[in-house]
Amino acid sequence: MTREELPNLAESKLTALVVDDNFVNQSIHQKLLARLGITNEVVCNGKEAVDAHCSGRNYDLILMDMDMPIMNGIQATKRLREMGIESKIAGVTTRANEGEKKEFMEAGLNDFQEKPLTISKLLSILHKFDFYVQT
Amino acid sequence: MNTIVVGQLQRQFQDYIVSLYQQGYLDNQFTELRKLQDEGSPDFVAEVVSLFFDDCAKVINDMSTSLERPDHVDFKQVDSGVHQLKGSSSSVGARRVKNVCIAFKECCDVQNREGCLRCLQQVDYEYKMLKTKLQDLFNLEQQILQAGGTIPQVSMN
């Protein structure tokens, strides 16, 4: 897909939260979202993601890493669902054996993608959540 | 703009970046990163790989400390470092670094300290080699821009 063919979802006013402790991944995921016109913020671990929601912030989409210090992605996803957060949560991780994937999904994910994240994978996530309809 | 000079530089750039893929330094994820660079963030790739190299230096140093004493190796800490490096190398398309991390993880899993030390040395070598190669690539980009040209999009398909 060329740059010119990328959808611009700015009119949808979608918001996203990147939850990842790695600065490289934070940077890339934020750029991917921005390229599609999705406003986004970043936090460094699951506790910060929970705290953001406790402070009243809400997002259409959460990109959740699995391995993080303080509170990992599984714990954070469970906690957010317990709080009644209904945002779409996509797990994004390099750990992809079936057992780990199952545990992550059962925590409350809506989707799961293996890192590294690309434009195609992000569009697949958005399409699954009906945030993006391919024409 | 001297079109002959720009043309030569662009060809040099294309040949160099293709060689980096062919020699296994980079994989398709680097191509994906380059697609994200635009007029609004013209140094995006350089900035992200700089973060990656900083990450490498820190994690390698931490793992070196964990592996120092033969009688007291914290393999959990080493495994955590390897996982982090594998993740970030995969994200920037640093193929050789990622492949060393795969072997490194296997050594961690069986608590092979000697194997881990060899992998540590190799991952240190590979990230520094890639850093030098990419610096040369970015220098070529700058020369093209200064000569009034545009950076070629190189398809590896």
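Cβ atoms are placed via backbone N, Cα and C, with glycine included.
Feature annotation from TrEMBL assigns domain 'HPt' to B:41-148. Sequence annotations record features per position, and here TrEMBL assigns phosphohistidine to B:H83.
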- prompt: Counting across all protein chains shown, how many other Cβ atoms sit within 10 Å of the Cβ of the residue listed as 'phosphohistidine'?
  reply: 18
Rounded mean pLDDT for the residues that make up the domain 'HPt' (B:41-148): 95
Query: How would DSSP class B:H83 (phosphohistidine) in three states?
result: helix
